[in-house]
Amino acid sequence: MASPENMQDPNQTSQHQFHIADYIVFGSTIVISIGIGIFYAVMGRRKSNTSEYLVGGRSMHVIPTAISLLVSFESSIMMLGTPAENYVFGMQYIWYMVGICVSQLLSVMVIVPMFHPLKITSAYEYLEMRFQSKTVRLMGTTLGIITYTWYMGIVLFGPAVALEAVTGYPLWNSIVVIAGVSVIYTAIGGLKAVIWTDVFQALVMFSGIFSILIKGTIDVGGPKKVWDIASAGGRMNFFNFDPDPSVRHTFWNLFLGSVIRGFGLGFNQSTVQRISSTKTVGQAKRMLLIVAPTFLITLVLASYEGIVAYSYFQVKGCDPLASKQIANPNQLVPFIVMEIFGKLPGMPGLFLASLFSASLSTLSSGLSSVAALTWSDILHPRLGDISEVKATIIIKVTVVLYGCVACGISFLVAQIGGTLTQIAGTLLSTFAGPLTGVFFLGCFFPRANAKGSLIGGFISLVMCVWISMGMNFSPAVKKTPGLPPASTENCFSPIYNVTGNYSTMETWYETSTHSYLMTTASSIEAIAPEPKGIEVIYTLSYQWLSAVGIIGTIIVGLIASVFTGMNRPGDVDPRYLISMSETLLIFLPGPMKRWLSSIGPQYMDEKYKSKFTDPSKLRLDPMNMEVQVVPVTDKVGNANGERHGNNGTTVTLTHITNEEDDLDDQVTDNSRLMATNK
């Protein structure tokens, strides 16, 4: 039994108070973020147009754009959820990170070469081009907006609930501050403000991460001791090759599931927006080549935070989850920050700044993306040609409205328990899986038609929502036991009025798809009714949900295309297709590649390109006066080769040829039409 001076009262949270220095550090981050937005609003006032506002004039540099894309996906979910995941379940989650890295490399080979030359603002504009259907585009836009707004709600909720529980900082205040600041600099500064603010916030975010890792490791006794304690506690469980698809995390569902889901992120509006903001295909590729390993390294650091936290509380002898000092694993990181930095003024403020920076970066990217989608896919087609000034104002208003919607969703998310990684994974996969499947149909399956994509996407969406609901509410879903918590021998137990011995204590945490049980005894199988019949589907690991949505869309979409009249060679512009044999299947023997991709080459033959490159069908980029060739059947653009701008400028056409990858006028087929001011 520990001595009284070592006992920890779980109700003693009054010591976790912020110093004035903490508020100064935090406030400085907020002021600088808004200042960047004001700077770009002032600098860009003479170039107020939608292209400048939404895609940075298609002239952003590689490194800041890469950092922006990196932090767009590394929000509070990474700062809070990843350490919590590894604290409770161990390091096997690292395979998810490796899979995401691989998927980014696939995007370099497959997605960038197709999307960048299209010069699109909305990712779902591609769907209209490929399927010749505004309905398919609208379906994609709707699912994309739903996915993003839910994601923003999760991002807002994470730091708010953690800080409220650990520091007493009100939930409403956190949500309003994060949303308000993000809305301000996104609305006034556009994509350039978002990207450069992301760069600043990335520096703040990494400062917070490294501070926790360094101080926590020192307090434990060094990296070797951290590793030894974590190994003894079962946290270094890297390998689990169980083929059972109902097991929450295995090598198979973490790695393969993340490769599939991560590859789908390449069709994400935020990704496409940044691909389109770079000057050339080569720059876009380099951007993703920077993001892939950096993303892996960052998530590994966040995972190590969870291991450091476990080792720290094991040495201290009082696990905050088991002793109920915190009620949710997402509160773990703020709790350990106040533990190790509570007496160092300014350091808790640095963590608060890094946590808010992580949320701000993701939220601002989301707001910019949904604003671009709403304007390009919904409002602009209905409002027609209006002045660039009015269009920019409308987009700014949509940023504000979506910020309010995200605030409302964050309170709905509060009703879902569990680690943020699982909450986000489940909710996003439900909508993003079917949507990614529609993109896969368009890119890889030339025979798929518009009706097939609509039917496949809708049925797959219904199926994913149904499975997700079953995962949440079916009594047949297994309770997944967490690893034994850290020691509790030095914890004060008000129930027994002695030092807490929690050897028989069991704590349940509900997650969005599976519950998990923490117990200081060895991991045990939780009791649950044996699934019967259709209930077996509900026991599927949430990591497979995205793959189910993608595969379901493809299978149903192809079958529906067969019965509604498949495409024939010449029906689809080859620029909108990707050859599997030349991208994803390059490792297979030649004969097998030709057999598997036999449906592709006949659709992608060069002889069909001329059918879709009639010089009389053009689309004008209002920013750089660049004319892009548009398929005859796209039903967009003018019927002649001349267009007058709002200021009366006449645009004429000049044919150019260029084979350099890194010139501003680079194109993949070495030929396009340019417009010049006359």
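Glycine is treated like the rest: Cβ placed from N, Cα and C.
Features reported for this protein in TrEMBL:
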- 20-42: transmembrane segment (TRANSMEM)
- 62-81: transmembrane segment (TRANSMEM)
- 93-115: transmembrane segment (TRANSMEM)
- 136-157: transmembrane segment (TRANSMEM)
- 169-188: transmembrane segment (TRANSMEM)
- 195-214: transmembrane segment (TRANSMEM)
- 250-267: transmembrane segment (TRANSMEM)
- 288-313: transmembrane segment (TRANSMEM)
- 350-373: transmembrane segment (TRANSMEM)
- 423-445: transmembrane segment (TRANSMEM)
- 452-473: transmembrane segment (TRANSMEM)
- 544-566: transmembrane segment (TRANSMEM)
Spatial neighbours of the transmembrane segment (250-267) far in sequence, C-beta under 8 Å, 6+ residues away: 73, 92-93, 95-100, 102-104, 106-107, 110-111, 123, 239-244, 429, 432-433, 435-436, 439, 541, 543-544, 546-547, 550
Best-contacting stretch, by C-beta pairs under 8 Å, relative to the transmembrane segment (195-214) and drawn from 20-42, 136-157, 169-188: 20-42
Annotated stretches the transmembrane segment (136-157) and the transmembrane segment (544-566) touching (3 or more Cβ pairs under 8 Å): no
Long-range neighbours of the transmembrane segment (62-81), counting only residues six or more past its ends (CB under 8 A): 154-155, 158-159, 162, 194-196, 198-199, 201-202, 205, 208-209, 265, 270-271, 274, 277-278, 283, 286-288, 290-291, 294-295, 298-299, 302, 330-334, 354-355, 358-359, 361-363, 365-366, 419-424
Stretch-level contact, the transmembrane segment (20-42) and the transmembrane segment (288-313), CB cutoff 8 A, at least 3 pairs: no
Chain residues in Cβ proximity to the transmembrane segment (350-373) (below 8 Å; excluding those fewer than six residues from its ends, i.e. six or more beyond): 18, 22, 25-26, 28-30, 33, 54-55, 68, 71-80, 121-124, 141, 144-145, 148-149, 151-152, 155-156, 158-159, 162-163, 177-179, 181-183, 185-187, 190-191, 194, 197-198, 200-202, 204-209, 211-212, 268-270, 273, 333-334, 337, 341, 395-396, 398-399, 402-403, 406
Tertiary contacts of the transmembrane segment (93-115) (same chain, 6+ residues out, Cβ under 8 Å): 82, 85-86, 123, 126, 238, 249, 251, 254-263, 265-267, 271-272, 275-276, 281, 284-285, 288-289, 291-293, 295-296, 299-300, 303, 421, 443, 543, 575-576, 578, 583-584, 668
